[in-house]
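Enquirer: Got a structure here, written out as structure tokens. Questions coming.
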Amino acid sequence: MLTLATTVPGEPEIFASLQGEGPSLGRPSVFVRLSRCNLACHWCDTAYTWRFTGDNRPHRDGLAFDRGDNQLALAEAEVAARIAALGPDRLVITGGEPLLQGAALARLLDALAVLRPAGHVEIETNGTVAPHPALDPLVHQYNVSPKLAHSGNPAELALPAERLAAWAAEPRAFFKFVVATPDDLAEVRELARRHAFVSDRVFIMPEGTRPAILTERLRWLAPLVLAEGWRLTDRLHIHLYGDTRGT
Ligand SMILES: C[S@@+](CC[C@H](N)C(=O)[O-])C[C@H]1O[C@@H](n2cnc3c(N)ncnc32)[C@H](O)[C@@H]1O
Ligand SMILES: Nc1nc2[nH]cc(C(=O)O)c2c(=O)[nH]1
Ligand code: SF4
Ligand SMILES: [Mg+2]
């Protein structure tokens, strides 16, 4: 079984949209949003995937708590059928933290390959969890978004050095750093130096869930990103649809 986020109670968050961020920006894709996370970013735009109680404390104990309206368990075959019915042959798996459900994701992708053999699969991840060995060969692209200090997570949880080194050596991985102030870029620079990130695989993305904030931040980010030789990404879906579930 997979545990998914919901758009409304009882409806799993599986939808077609344009990939709004990073190297595949603008590509028609099916999105699957899973429930639960092992981090707790202050500014998380999908906190409904992990903050279930309203008391602002994340649950990090797997499925051993009351399932509220914000999540739903579904069989892998059912999720595969819903994905295939939506059309686009690119799949983006996100959350929450999808790699927490690695074995079930491997079963999902096996089922999907029967229905839709030539598809492309990318995973949005916070980069703290190693991909399950059965899942890894089925993935074409990892969009790895390590969390900087302004996320509010302790660095030892959010930036495990061995994992970052593994992602840096993984040719299918792109980094996507969320930045709110110029100071955040100094942290990216230090991580890039320590792990010898390939510049062409480093994306900087403004923090924000409103178009005006994104535009303002993109303007001061552009020259700084240019000077580093990294890449800049917007959040297209926010401009198109706002901060709405299922878009
Ligand atoms: C909700 S996360 C889910 C996947 C995974 N947990 C992660 O953090 O990469 C999807 C993407 O949205 C980004 N994100 C979340 N909240 C954001 C915000 N307020 N502004 C900009 N990006 C945000 C994350 O950094 C990540 O790249
Ligand atoms: N359109 C669209 N593109 C996205 N790219 C990454 C997303 C995510 O939440 O992981 C996302 C999302 O939620 N919507
Ligand atoms: S790691 Fe991703 S899903 Fe988890 S709290 Fe941070 S942005 Fe949200
Ligand atoms: Mg999103």
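Every residue gets a Cβ built from N, Cα and C, even glycine.
So TrEMBL lists the following for this protein:
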BINDING   LEU18, GLN19, GLY20, ARG33, THR94  substrate binding site
DOMAIN    24-243  domain 'Radical SAM core'
BINDING   CYS37, CYS41, CYS44  [4Fe-4S] cluster binding site
BINDING   TRP43, CYS44, ASP45, GLY96, SER145, PRO146, LYS147  S-adenosyl-L-methionine binding site
BINDING   THR46  Mg(2+) binding site
Enquirer: Write down the Cα-Cα distance for CYS41 ([4Fe-4S] cluster binding site) and GLY20 (substrate binding site), rounded and given in Å.
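Expert: Cα to Cα, GLY20 (substrate binding site) and CYS41 ([4Fe-4S] cluster binding site) are separated by 20 Å.
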Enquirer: List the other residues in this chain whose Cβ sits within 8 Å of the Cβ centroid of the substrate site residues LEU18, GLN19, GLY20, ARG33, THR94, in sequence order.
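Expert: Same chain, not in LEU18, GLN19, GLY20, ARG33, THR94, Cβ within 8 Å: SER17, GLU21, SER29, PHE31, VAL92, GLU124, HIS237.
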Enquirer: Output: those binding-site residues from LEU18, GLN19, ARG33, THR94, PRO146, LYS147 whose CB lies less than 6 Å from an atom of ligand 1, in sequence order; none if no residue fits.
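Expert: If the test is a Cβ under 6 Å from any atom of ligand 1, the answer is THR94.
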Enquirer: Taking each of GLN19, ARG33, CYS41, CYS44 in turn, which of these binding-site residues have a Cα lying within 10 angstroms of the Cα of LYS147 (S-adenosyl-L-methionine binding site)?
Expert: CYS41
Enquirer: Tell me, how many other CB atoms lie within 10 A of the CB of LYS147 (S-adenosyl-L-methionine binding site), whichever protein chain they belong to?
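Expert: Its Cβ shell of radius 10 Å holds 23 other Cβ atoms.
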Enquirer: Indicate whether PRO146 (S-adenosyl-L-methionine binding site) is helix, strand or coil by DSSP.
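Expert: It is coil.
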Enquirer: Binding-site residues GLN19, TRP43, GLY96: which have a Cα within 10 Å of CYS37 ([4Fe-4S] cluster binding site)?
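Expert: If one measures from the Cα of CYS37 ([4Fe-4S] cluster binding site), the binding-site residues that come within 10 Å are GLY96.
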Enquirer: Which Cβ among the binding-site residues (LEU18, CYS41) has the fewest C-beta neighbours inside 10 Å?
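Expert: Across LEU18, CYS41, these binding-site residues, the one with fewest Cβ atoms within 10 Å is LEU18.
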Enquirer: Running a distance check here. Ligand 3 versus the binding-site residues ARG33, CYS37, CYS41, TRP43, GLY96, SER145: which have CB less than 6 Å from one of its atoms?
Expert: CYS37, CYS41, GLY96
Enquirer: Round to a whole number and give the Cα-to-Cα distance in Å for the pair GLY96 (S-adenosyl-L-methionine binding site) and CYS41 ([4Fe-4S] cluster binding site).
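Expert: A Cα-Cα distance of 11 Å.
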Enquirer: Between THR46 (Mg(2+) binding site) and PRO146 (S-adenosyl-L-methionine binding site), how many Å separate their Cα atoms?
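Expert: Between the alpha carbons of THR46 (Mg(2+) binding site) and PRO146 (S-adenosyl-L-methionine binding site) there are 16 Å.
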Enquirer: I'd like the Cβ neighbour count for GLY96 (S-adenosyl-L-methionine binding site), meaning other Cβ atoms within 10 Å of its Cβ, all protein chains included.
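Expert: Here the count is 27.
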Enquirer: For the S-adenosyl-L-methionine binding site, please report the maximum Cα-Cα distance among TRP43, CYS44, ASP45, GLY96, SER145, PRO146, LYS147 in Å.
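Expert: So the binding residues stretch over 15 Å, Cα to Cα.
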Enquirer: Quick check: of the binding-site residues listed here (LEU18, GLN19, CYS41, CYS44, THR94), which one has the Cα closest to that of PRO146 (S-adenosyl-L-methionine binding site)?
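Expert: Comparing Cα positions, the closest of these binding-site residues turns out to be CYS41.
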